[in-house]
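Trainee: I am attaching a structure below and will ask some questions about it afterwards.
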Amino acid sequence: MELEYESKRPLYIPYAGPILLEFPLLNKGSAFTNDERNHFNLHGLLPEAVETIEEQAERAYRQYQDFKNDDDKHIYLRNIQDTNETLFYRLLEAHLSEMMPIIYTPTVGEACEHFSDIYRRARGLFISYPNREHIDDMLQNATKQNVKVIVVTDGERILGLGDQGIGGMGIPIGKLSLYTACGGISPAYTLPVVLDVGTNNPQRLNDPLYMGWRHPRISGDEYYAFVDEFIQAVKRRWPNVLLQFEDFAQKNATPLLNRYRDELCCFNDDIQGTAAVTLGSLIAASHAAGSQLRDQTVTFLGAGSAGCGIAEQIIAQMMSEGLSEIQARARIFMVDRFGLLTDKLPNLLDFQSKLVQKSDDLHHWNLHNDAISLLDVVRNAKPTVLIGVSGQPGLFTEELIREMHSHCARPIVMPLSNPTSRVEARPEDIINWTDGAALVATGSPFPPVSYKEKLYPIAQCNNSYIFPGIGLGVLASGASRVTDGMLMAASRALAESSPLARHGEGALLPNIDDIQAVSKAIAMRVGQAAQLQGVAIVTSEEALSKAIEHNYWQPQYRSYKRTSF
């Protein structure tokens with residue numbers, strides 16, 4: 001039976017007694033009214049007092065504060081989510097900036113590493129390779145019937161932690177929590193999925209409590225055939241769903257995106273979401289400095305799918321500001337573990353080969369080795385923007401940052417690797433090394449830096465600024481695809497919300513507590529772009545705005561009426 005969750009009208013429920021209390025989407029706990037307790041056989045199953053959701057949230061927050069470490073806080077919040085989802089999101093709404101780092105990065109990394117140890121209750125779908133002949137049946141088994149947003153991972157590249165097997169399920173769960181908390185997408189319409197294709201992590205394979213398929217990862221044609229079976233089954237079950245690929249390994253992420261982006265409504269957050277939020281931040285930073293992105297020279301540490309995805313978005317924006325493609329690409333320098341990507345490097349991936357520098361253009365550089373290091377690039381290319389997506393901590397050294405500052409009065413430094421333990425440099429060090437001149441944005445949350453009696457806000461360049469608004473915009477507009485134009489629109493909407501760009505002071509990105517308003521603004525731009533590009537029905541701006549508000553779920557209890565099957 002399908003329940004209609006969006007309306008403000010009473011909800012007709014076929015469940016009663018203990019079964020109703022076990023249904024997280026419907027459970028109100030002590031907030032069931034006396035009338036509801038009569039009709040749903042709940043008397044005796046709950047304490048006498050009838051509470052409001054505000055009273056429940058106050059108790060939950062007090063309990064939350066009793067936990068002293070972040071891992072325990074994460075487990076506690078997940079337990080509330082698996083007991084009473086409306087209360088969970090009401091609690092998040094009241095304490096979003098405090099709790100977002102607990103339910104997602106950086107704490108979710110630990111939760112993924114210890115997924116099998118802290119496992120308490122099933123959430124989402126575990127699609128395992130040994131059961132590949134039953135994928136359609138598994139999708140039918142989902143407790144949610146009208147799924148509109150899926151986040152799927154195969155657990156191979158979880159944050160900067162590598163292969164976590166089914167432990168990677170923590171990421172789709174956390175990501176979808178933010179779709180709801182930040183983008184207002186009803187939890188009744190979200191589904192986390194992990195594709196269990198084995199693991200090459202010996203710690204997981206040798207862990208007696210590991211709950212996944214104990215087998216080396218499948219790969220090649222076998223792997224792609226399995227993913228395709230899943231995608232085709234999703235299309236049969238929920239043909240209009242928005243599917244987000246999450247934390248797939250570099251070797252698979254881009255091929256999967258390229259294969260399916262024109263087949264169903266999908267995107268890859270690591271490639272496209274990261275690019276969109278980074279681009280939005282850079283546009284805002286450029287405007288705050290009185291310039292355009294076309295004026296910047298950008299160096300990347302990390303030339304994987306995420307780094308190259310960001311670079312391509314930057315190039316597209318530079319071209320929209322008047323540069324030719326050749327001119328724009330000449331301003332991008334990609335560095336990986338083998339050094340600067342040039343046309344002489346062998347074995348480059350397809351998406352890397354478009355971002356190489358021509359060796360003939362570097363003959364005037366002062367070099368001492370064949371491999372061109374990050375420091376060589378900073379000394380010779382003199383970048384104004386430095387972006388880290390390497391997953392390797394500490395590589396933005398004092399020497400490197402001081403060298404950058406020697407030729408750039410206001411350097412933009414963005415160590416984006418997650419979790420915090422993998423960050424390329426700590427904001428406090430960057431501020432100190434540049435005498436307070438650097439504009440810093442990070443992937444994980446950091447507190448403001450105090451330097452010479454001045455407080456420097458550190459922007460968290462987190463995808464959560466982008467993907468909830470994209471999801472809301474897709475659902476509100478009915479978009480059938482996620483296009484590059486929709487992603488560009490999201491970046492520009494984010495840039496326009498920057499306090500620094502708008503007022504010349506303050507943080508580069510809005511406060512997390514304002515993210516719901518930001519998501520609605522992004523949703524409007526995304527929906528308009530979808531209409532312009534022909535992947536959504538054209539409506540008036542007023543109609544789209546009403547659709548966004550209609551689709552925006554609020555964590556409030558609805559009244560229930562009893563019905564029968």
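Any Cβ shown, glycine's included, is placed from N, Cα and C.
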Trainee: Which of these, D221, D228, D270, does Swiss-Prot say binds divalent metal cation at the same site as E246, D247?
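Mentor: Looking through D221, D228, D270, the residue Swiss-Prot assigns to the divalent metal cation site is D270.
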Trainee: What residue among the binding-site residues E246, D247 has the most other CB atoms lying within 10 A of its CB?
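Mentor: By the 10 Å Cβ neighbour count, E246 comes out on top.
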Trainee: Expressed to the nearest Å, what is the distance separating D247 (divalent metal cation binding site) and D270 (NAD(+) binding site) at their Cα atoms?
Mentor: 7
Trainee: Restricting to the recorded positions Y104, R157, N418, which ones have a CA within 10 Å of the CA of E246 (divalent metal cation binding site)?
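Mentor: Correct set: R157.
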Trainee: So of all those recorded positions, Y104, R157, D270, N418, which one's Cα sits nearest to K175 (active site, proton acceptor)?
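Mentor: That would be Y104, the closest of Y104, R157, D270, N418 to K175 (active site, proton acceptor).
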Trainee: Given N418 (NAD(+) binding site) and Y104 (active site, proton donor), what distance in Å do their CA atoms have, once rounded to a whole number?
Mentor: 11
Trainee: Of all the Cα pairs drawn from R157, D270, N418, the residues the record ties to NAD(+), which distance is largest, in Å?
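Mentor: Site span for NAD(+), by Cα atoms: 11 Å.
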Trainee: If H, G and I count as helix, E and B as strand, and all else as coil, what does DSSP give for K175 (active site, proton acceptor)?
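Mentor: Its secondary structure by DSSP: helix.
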